[in-house]
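Pulled from TrEMBL:
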- A:24-62: domain 'Phosphoribosylformylglycinamidine synthase linker' (DOMAIN)
- A:H58: active site (ACT_SITE)
- A:Y61, A:K103, A:D513, A:G550: ATP binding site (BINDING)
- A:86-201: domain 'PurM-like N-terminal' (DOMAIN)
- A:E105, A:N551: Mg(2+) 1 binding site (BINDING)
- A:S106, A:H107, A:N108, A:H109, A:R128, A:Q253, A:E325, A:S326, A:Q327, A:S553: substrate binding site (BINDING)
- A:H107: active site, proton acceptor (ACT_SITE)
- A:D129, A:D281: Mg(2+) 2 binding site (BINDING)
- A:214-369: domain 'PurM-like C-terminal' (DOMAIN)
- A:456-575: domain 'PurM-like N-terminal' (DOMAIN)
- A:588-724: domain 'PurM-like C-terminal' (DOMAIN)
Amino acid sequence: MSRTPLDTVEHAAATPDVELPWAELGLKKDEYERIVEILGRRPTGAELAMYSVMWSEHCSYKSSKVHLRQFGEKAPESDALLVGIGENAGVVDVGQGYAVTFKVESHNHPSYVEPYQGAATGVGGIVRDIIAMGARPVAVVDPLRFGAADHPDTKRVLPGVVAGIGGYGNCLGLPNIGGEVVFDACYQGNPLVNAGAIGVMRHEDIHLAKASGAGNKVILYGARTGGDGIGGASILASETFDDAKPSKRPAVQVGDPFQEKLLIECTLEAFKEKLVVGIQDLGAAGLSCATSELASNGSGGMRVTLDDVPLRDSTLSPEEILMSESQERMCAVVEPEKVERFLEICDKWDVIATVIGEVTDGDRLEIYWHGGKIVDVDPRTVAHDGPVYERPYARPSWQDELQADDANKLPRPETGEELKDQVLKLVGSPNQASKRWITQQYDHFVQGNTVLAQPEDSGMIRIDEASGLGVAIATDGNGRYAKLDPYAGAQLALAEAYRNVATTGAKPLAVSDCLNFGSPEDPAVMWQFAEAVRGLADGCKQLGTPVTGGNVSLYNQTGEAAIHPTPVVAVLGVIDDVARRTPVAFQEEGQLLYLLGDTREEFGGSAWSQVVHDHLGGLPPEVDLERERLLAEILISASRDGMIDSAHDLSDGGLVQAVVESALLGGKGARLVVPDGLDAFTFLFSESAGRAIVAVPRSEEVRFTDMCGARGLPATRIGVVDGDVVEVQGEFALTLEELRTAHEETIPALLA
Amino acid sequence: MTARIGVVTFPGSLDDRDTQRAIRVAGAEPVALWHKDKDLKQVDAVVLCGGFSYGDYLRAGAIARFSPVMDTVIDQAKAGMPVLGICNGFQILTEAHLLPGGMLGNDHLHFICRDQKLRVENADTAWTTDYTAGQEIHIPLKNMDGRYVADRRTLDELEAEGRVAFRYLDFNPNGSLNDIAGITNEAGNVVGLMPHPEHAVEPLIGTGRTDGLPFFTSILKKLVNA
């Protein structure tokens, strides 16, 4: 076994002709040439490792950047935004001196390969982003998409993903309060595992990822660094250095939630004592990312001695150490006189902490290994100056045909009996059925502040015990709508999440997003992406809710077949007193049911068209964001002034789905009358946006309808909460038992 | 005059702050105890709260049982100090042999989180006097390893001596023998259960019920009147 000399900066300069495996590391030829140009010589193996991983699509957003700029350019004026796009997570002012940070990220590809660990480390990663802002994590949400519910591979992927999310989140002590589970054949082979988290802090506790102050120490703390999640760097190691190494390492990282729980407590204790100047979590691209981002965001440079990194596997090469994505690690910048106290706190929590370097006067990131300098770069060129692509995009040739295939022309039920059968089929279909079998594997109660959790319209957490101040979060996304019209689809996702937050009584404040699409190298996919971003940015501007951050996941496709464009939108809201929250469940018999908003014949992309006709075509529901804003104002006022006792937004599945859910959750039925001007089918199944149903106590009816009338929001009385059946007068009646059986038995029958 | 009730934090404890809140809501004074510290800070009673102490990596509660704080807790419990173990705390109490039997993984192999109906079987322990025997209550349950098991003789003894404190009603969520949700020692000062009373003390939070509050008011009355 021979060993080539260490590939130092000096060695690289002296051996310009050495061929490096840039293509195997995923770099394009022009990207490699750009690196050579930046450095003025060939990169060392370690430098190449850093550039390749930091310039990847995942870390550099090279295909999406040109579009994502709109979120900044079109950002509405908002007093609430304390930290915007670009940091680990956005931060929003929620009043009373509190700030809330929240973000949604994807862990799609790892979760397909290894469902349990992929999903678990997705939770771990987003939670570290939240801690890195200075906040205590208080809740998680998980928007999920799987292939067809009855496909055998779904039975492999889904239980693993759900167990992974539960296994990690439950062990961290984070209540899981929301999210979605959607099945569609387009996600076969490309499940979407998005994970969101919320954290709370005082304004003065906000921390940022930057290394300032020459002489300050760089401390790596948490788990030891191992060989997991290295991916491409192994190629570099085996080809350049040592052929006898074990070549197959797990590409998916392995999570240790217990270690992460210690990391949370120890980090928060260090923040409390004001020991931390800058902080960054280690996620994708590991130390490469943490060192280059900390250094480039700060005022100076950074010198790191890689030999000091605690290792799980002593045979790791420096390239592998730089690229390792071992979980549960963080990097803090600490003033020299505070290092001892910082290490004491880590010791108290049994967390390994090591000084691995320091902030320097210069502007270079220098990394040493065995006494040799193996990295000497301008950190900005690694972290921020990655390639930017203006990828070609074009409206797909099939879009017109898809939109012309009008769902409104599908055969409709003609008798009460047919309506009844289709209602049962709808509420028992995998997408509309109860997801309790899944959500009961998540802890909703831990931390003792959960006010609302799924299946409520939004999750709600109390953040101040004395005043009752709380925050609400909802995540939504409808890939079917977005496939029919990505611009409208993104706005409908935003509108639904916004509406869901308002339905529970909270005021929507800000947005995070997770944009899941196919390959950016396909102009049709790129068009979907561009349209969705444009739609979301325009929508956020109109609703006054800025995008605070988020994540893009591309290449979600198998061969030529991309997933439906799936922008998942999270909206965060605030409520002055959680005692005013409005639940979904019907509370009292005799209360009056009102339908708010306008109902049109809109069936394109609807649950009904999918369940009854297996059809996707036409146009999605019309978007009217001014109407959404008015509806939200009415729902919030009604909640604040005690005019409604329950409310439910109308979205996929339409009115009948919402009524059935409210009835089953409350254990109380409803008698409905089809309003004048509507036929029973449209009344029950239409998915017109900008609508909700509310239950109004009789004593509040006049006050409530006067308010709607004065503000110009259509409010139609459609029935009353009563009995143990859901009845549509003159059409059909279904007992709660029949509905419960249909709604609750589907998912366990498929997956348990 | 109030009572000081300690809540132990082990690495991986999750419900320590929630349990402190429940003690406060009941009107007692919560005192934080640290697993590395043998000193119980002169508390009148101790709660071992829920969580995944030491990640539950060997077996739930198996490592926490050897923490320095547990030496004192075990001695004091034997001398009569009231001790309540909730979920992971219950697991620790069985590992410490302060309560008989042990916990295995749920029979369905999944974590389960639900609003669980229970019957109070013994309202004479230090932690249950504010209930009445036979009372039906709802308490949130959330665990991975909640299946209570013991040998036949132990089960017979527990049943004969009225030491089954709580039993699952309508639905056994984990396959526990005899539907056992919680038990007490012979003296009635040590009680362990899998459901989480600390998550049912405020009307707006969690399931919206306050059926768990009597645990904390029971002990407060006992300590104040002692």
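Just so it is clear, glycine is given a Cβ too, placed from its N, Cα and C backbone atoms.
Whatever TrEMBL says is automated annotation, not expert-curated.
Across the residues of the domain 'PurM-like C-terminal' (A:214-369), the predicted structure has a mean pLDDT of 86. Max Cα-Cα distance over the annotated ATP binders (A:Y61, A:K103, A:D513, A:G550) is 17 Å. Proximity to A:Y61 (ATP binding site), judged by a C-alpha distance within 10 Å, picks out none of the binding-site residues A:N108, A:R128, A:D129, A:D281, A:Q327. For the domain 'Phosphoribosylformylglycinamidine synthase linker' (A:24-62), the list of distant contacts is 7-9, 11-13, 15-16, 18, 68, 232-233, 235-236, 239-241, 284-285, 288-289, 292, 318-320, 322-323, 367, 369, 374-378, 381-383, 385-389, 520, 552, 554-555: same-chain residues at least six beyond its ends, Cβ to Cβ under 8 Å. Ranking the recorded positions A:H107, A:R128 by how many other Cβ atoms lie within 10 angstroms of each Cβ puts A:R128 at the bottom. Cα distances from A:R128 (substrate binding site) to the recorded positions A:H107, A:D281, A:G550 are smallest for A:D281. Between the CA atoms of A:G550 (ATP binding site) and A:E105 (Mg(2+) 1 binding site) there is a gap of 6 Å.
Put simply, A:N108 (substrate binding site) is 12 Å from A:N551 (Mg(2+) 1 binding site) when counted between their Cα atoms. According to its DSSP assignment, A:N108 (substrate binding site) is helical.
A Cβ within 8 Å of the Cβ centre of A:Y61, A:K103, A:D513, A:G550, the residues given for ATP, is found for these other residues of the same chain: A:L68, A:I85, A:V104, A:E105, A:S512, A:C514, A:L515, A:V547, A:G549, A:N551, A:V552.
Scoring each of the recorded positions (A:H58, A:K103) by how many neighbouring Cβ atoms lie within 10 Å, the top position goes to A:K103. Each residue in the domain 'PurM-like C-terminal' (A:588-724) gets a DSSP state, and the totals come to 56 helix, 24 strand, 57 coil.
Around the Cβ of A:D129 (Mg(2+) 2 binding site), a 10 Å sphere holds 25 further Cβ atoms from the protein chains shown. Remark: of the binding-site residues A:E105, A:E325, A:D513, the most isolated position is A:E105 (fewest other Cβ atoms within 10 Å of its Cβ). Taking the Cα atom of each, A:E325 (substrate binding site) and A:H107 (active site, proton acceptor) are about 13 angstrom apart.
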